[in-house]
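Copied over from TrEMBL:
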type	residues	note
DOMAIN	1-82	domain 'GST N-terminal'
DOMAIN	88-215	domain 'GST C-terminal'
Amino acid sequence: MAPKLYKLDVSPPVRAVYLTAEALGVELEHVEVNFPKGESLKPEFKKLNPQHTIPTLDDDGKIIWDSHAIIIYLVSKYGKDNSLYPEDPYERAVINQRLHFESGVLFALIRAIVRPMVTKGVKTIPEHLIQEVFEAYAFLNKFLEGHQWVAGDQLTIADFSVLSSTTSLNHIAPIDADKYPNVVAWIQKAEQLPYYKVNQKGLNDFKDLVERLLS
């Protein structure tokens, strides 16, 4: 039985799981969780995940939430080798740092910007948050200096996580190719991956959501 993923395509963390599963060749059963309709607050979902967040994975009764925990679990259980999450302590530490950068900086910015738009009807993005997004791009540009991928010269799960949030932020604060050439080159490289398309639909949904909320 395929692992069951509770998801919403617009969510960057969900798309990080999609990319990881596709890279591994793991088939997932998708279960839509409609946040606007309050489906994440239903007792049956909160029984699975008391934090009622997505993505949430049910792998034969083993329940895991938080995208980073899920992608590490998937690659550890289903990976044919350890290339996406190498066992070398230093390489793994760099990957973990990039994952924390995604959750603590990139996705944190997405939440700080989008949540007030959704919950309070805010129609403008504070300038200081836009500047923080640009600062995050500068950090990422530095990470990529002299490297093909965010944690070195090998594609890892860190790329899937950082990519899903960075491409989403691009629809809030466009990435300037002159200022952040390494970021643009990395995204273009990632777009050539045979399974990148699993990020695209949700990314389009995110773009439409932001445009609708700001209109």
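Note that the numbers count up from 1, one per residue, in the order the chain is shown.
Even glycines carry a Cβ here, placed using N, Cα and C.
Those TrEMBL annotations? Automatic predictions, nothing curated.
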If you run through the domain 'GST N-terminal' (1-82) with DSSP, how many residues end up as helix, strand and coil?
34 helix, 16 strand, 32 coil
Confidence summary (mean pLDDT) of the domain 'GST C-terminal' (88-215):
98
Could you give me three numbers for the domain 'GST C-terminal' (88-215), the DSSP helix, strand and coil residue counts?
90 helix, 2 strand, 36 coil
